[in-house]
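Undergrad: Found this in Swiss-Prot, in case it helps:
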- 291-309: compositional bias 'Basic and acidic residues' (COMPBIAS)
- 642-654: compositional bias 'Pro residues' (COMPBIAS)
- 735-753: compositional bias 'Basic and acidic residues' (COMPBIAS)
- Cys1072-Cys1122: disulfide bond (DISULFID)
- Cys1081-Cys1105: disulfide bond (DISULFID)
- Cys1097-Cys1118: disulfide bond (DISULFID)
- 243-274: domain 'Collagen-like 1' (DOMAIN)
- 383-405: domain 'Collagen-like 3' (DOMAIN)
- 545-583: domain 'Collagen-like 5' (DOMAIN)
- 730-769: domain 'Collagen-like 6' (DOMAIN)
- 798-980: domain 'VWFA 2' (DOMAIN)
Amino acid sequence: MWNRYFVFYLLLLSAFTSQTVSGQRKKGPKSNLLARKSDVQGSICFIDIVFIVDSSESSKIALFDKQKDFVDSLSDKIFQLTPGRSLEYDIKLAALQFSSSVQIDPPFSSWKDLQTFKQKVKSMNLIGQGTFSYYAISNATRLLKREGRKDGVKVVLLMTDGIDHPKNPDVQSISEDARISGISFITIALSTVVNEAKLRLISGDSSSEPTLLLSDPTLVDKIQDRLDILFEKKCERKICECEKGDPGDPGPPGTHGNPGIKGERGPKGNPGNAQKGEAGERGPGGIPGYKGDKGERGECGKPGIKGDKGSPGPYGPKGPRGIQGITGPPGDPGPKGFQGNKGEPGPPGPYGSPGAPGIGQQGIKGERGQEGRPGAPGPIGVGEPGQPGPRGPEGVPGERGLPGEGFPGPKGEKGSEGPTGPQGLQGLSIKGEKGDIGPVGPQGPMGIPGIGSQGEQGIQGPIGPPGPQGPAGQGLPGSKGEVGQMGPTGPRGPVGIGVQGPKGEPGSIGLPGQPGVPGEDGAAGKKGEAGLPGARGPEGPPGKGQPGPKGDEGKKGSKGNQGQRGLPGPEGPKGEPGIMGPFGMPGTSIPGPPGPKGDRGGPGIPGFKGEPGLSIRGPKGVQGPRGPVGAPGLKGDGYPGVPGPRGLPGPPGPMGLRGVGDTGAKGEPGVRGPPGPSGPRGVGTQGPKGDTGQKGLPGPPGPPGYGSQGIKGEQGPQGFPGPKGTMGHGLPGQKGEHGERGDVGKKGDKGEIGEPGSPGKQGLQGPKGDLGLTKEEIIKLITEICGCGPKCKETPLELVFVIDSSESVGPENFQIIKNFVKTMADRVALDLATARIGIINYSHKVEKVANLKQFSSKDDFKLAVDNMQYLGEGTYTATALQAANDMFEDARPGVKKVALVITDGQTDSRDKEKLTEVVKNASDTNVEIFVIGVVKKNDPNFEIFHKEMNLIATDPEHVYQFDDFFTLQDTLKQKLFQKICEDFDSYLVQIFGSSSPQPGFGMSGEELSESTPEPQKEISESLSVTRDQDEDDKAPEPTWADDLPATTSSEATTTPRPLLSTPVDGAEDPRCLEALKPGNCGEYVVRWYYDKQVNSCARFWFSGCNGSGNRFNSEKECQETCIQG
């Protein structure tokens, strides 16, 4: 029988302890199946990782493949991470690539296994356009929030160089929001050319942490270690983190004592009846057993029941304004909102396509006309509001109207500070409520001294008994008395009646008072925040099983031994404050260190009236320094005194700070009241320009106005040409501003030969002149004046710039290219008769900025270059060259055609045009292609890009390679034009009949040996340099042409002549005396003409018709016909 009771007792104990978790009893029983399921979920840590691959144009080919290899290697390492203890990792991976668009493949929803994930990453294809990291971060954040698992660890691995497209939104706010929501970022730089500040802005790392590089051979191990630490930190917190529940019931007493001594087995009883007997009486409770040893710390308990919702906290500070997000689907129309503040002007949008011709935009603001006569009123038009006009003359103040009626409108913005008005009359005195304590005002002026003379000091008399307290006296305050000794505290007198006197000087510091009575206990504080999770305890013993069936009632056990004395119980609640004890004797007056500020005590008991102290008048001390102004006293209980005389007006106070507050809701329009009184003359500023209204119908033309000339307005944007208006009537305007200097005009035709003048008298012999210029000095002078020489200025040329505007170039380098193009244009004579220039700007699309027939002015050409927009996407070089071939179809026959390609990367593989075919077509149409390639030799794609540059260029010598764009402008101009034009060295050789000039007289420091002289270029022209030559009688500039036919040996031989030749007028053929006229047709050929001033022949371009007779087919024919002597 005892054995059955003992078993029942053990089962009851195990059932009781199973309801207890970490010293708290749960409020209700739960299924053990659910408990086991919770344990299984608590031992698994969910991990979601997103790989972001940079698929922009700057990471094509090698870098893009390297990113995919890195994802493949790191994903294997991630699945090799093993957690400690009984924890398990449940990992899912996702990947996305970004450029100007985002492609998510694979997402979390399609996760199967690691091998499938790696295959999808390897199948990624390059997008190859601009870098927009904002959209990559926003899509990754949205993917983790939508498909990531709740309470899991979320990690984003971003690979980029941090150099985004100029139109990329700011990534700071979106990355901060993602980190606040629990997403961790790890950024990896693609190369050493990286914007480290932006990567740290995204990841939130400090500047002391080094930047991770994709080229680092140990990168996979570094990130594996970082992820291992991150997972261990976040997963531990997830498992042991328990929600704070309501306080549990008080715990049970200590464990039961040991069971009593087993009794002897009694004799077997007779079998009873089959009927169940009644339950026996409950036996008396046993004596508590000995208190058991303190058990080990158990594991973290299961989360308790969720606590009650706390009181709402205060509103946090207003956060910074977020950047504009991606446009979502249109939502349902909401209620009418409040009127918001005027927004900041947005960035300029992209240029739209030209619309259909219609009513033109507003033209340039015209000059103000004379005051016109008022015309007849026209019909009411429906049009858009114009710009605010100038301020009109001030009107006469109107009469004061009746006060208006209506609801108060919204508070307007603070106006400008007006002039100080005159002092108003004294208003009715109505005592208001006591205001808040204002700031301490400035010290007032010293008052007028009181009337009276100070008496002599009397002899101190005997101390008399204190008399009764008299009524409050009236009179002027006397002079300040000497500081007496501290007397005992007297009783508090009644409240006085009278005017408050001036504030007295601060007294000496009093003795410390008696300690106050302890204050009452404060109210219970609010529930505290959840504490940090404690360290995981050691493994506990296996849990108890479920209670078994109720056993038979056992026999009453013997009385146990007396237990040991228990530990003292918890401290009881704080008692009520006791009765105040008698005052103790004053202690020593040595002040101790100040203690912590205690709780505010209750009001003390008023003390007894003290006896008057003994006062011995001492000598008058030196007046102490003026003490600080004390705080204003409390409001008195007296009656209001007699109103004093009106004081002098005080100085105006300082202007208060502008209030800060949100704009209130706009009220409903009130009932229109009668017109109010005319206000004072306002001083305001012109308001902001209103929004442009809808375009109105054109109104009828008004009568011609008669106006006076106004001030010249600022130049507005160029509008579309409008219809020709009727002839106006007005006065002539002011003289316009001096325009910019135009291009230098072509040299005029030579005039007709004048009749010979009468011979003059022989002059006196002049003094001997200085030595003439040497040949080297003449060469240097021509080089410095002519630059590339007259050849480039006069040679007919068709030149097309093909400019790379892809993402890898960048906006700064694109600006350098534009400056370079404008500088190159200055080296040629830009007009329709000589050189014509076209421009192609390309990236993933091709923009024809200017064709060959469009510009004949350098200013217009440079303006078109300045207006070119940076595209910042892919590199479609083949399509751009095909556009250049199409542009050369308008070239003049027989004129040299040159295409100059400026790029920094190889063409995109997705380009529809084939580069080899486009280059072959250019070669078949005699188009020379020069290539300027900007790429470093240590670039991984250098070899591929260099082969492509050689493929594009007509000749390997037409390829120029630079490490960066900064050296483009200074080192290329002369060198490139020595290739495009004829070699300047051969030009100087043919003039002076000698070898190359000495070093130092080359093309702006460039060695002329870099250009190979072409033997067919020949000039037969003598250059005369004398001291007495008339300045107006200069030799004409020679003209050249490229691609001239090779001359015969007889033509190539020039007969040496002296540098100084005397002009001869006796030419037999009249053609030699005609002025040079090249004609006006387009079939240009090379001819020779005779120059009488220098008695020599020179080449020129003959248009094919309508020229002068002074032209010959060869130099020999010209010399034999015209040169005499």
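Numbering starts at 1 and runs along the chain as it is shown here.
Glycine residues also receive a Cβ, built from the backbone N, Cα and C atoms like all the rest.
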Undergrad: Where Cys1105 (disulfide bond) and Cys1122 (disulfide bond) are concerned, what is their Cα separation in Å, rounded?
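TA: Computed Cα spacing between Cys1105 (disulfide bond) and Cys1122 (disulfide bond) is 22 Å.
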Undergrad: Count the other Cβ atoms sitting within 10 Å of the Cβ of Cys1118 (disulfide bond), across every protein chain shown.
TA: 25
Undergrad: Please work out which residue of Cys1072, Cys1122 has the most C-beta neighbours within 10 angstroms of its C-beta, and give that one of the disulfide-bonded residues.
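TA: Per the Cβ count within 10 Å, the most buried is Cys1122.
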Undergrad: How big is the gap, in Å, between the Cα of Cys1081 (disulfide bond) and that of Cys1118 (disulfide bond), rounded to a whole number?
TA: 23
Undergrad: Per 10 Å Cβ neighbour count, which of the disulfide-bonded residues Cys1081, Cys1097, Cys1105 ranks highest?
TA: Cys1097
Undergrad: Between Cys1097 (disulfide bond) and Cys1122 (disulfide bond), how far is it from one CA atom to the other, in Å?
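TA: Between the alpha carbons of Cys1097 (disulfide bond) and Cys1122 (disulfide bond) there are 9 Å.
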Undergrad: What's the CA to CA span in angstrom from Cys1118 (disulfide bond) over to Cys1072 (disulfide bond)?
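TA: Distance between the two Cα atoms comes out at 9 Å.
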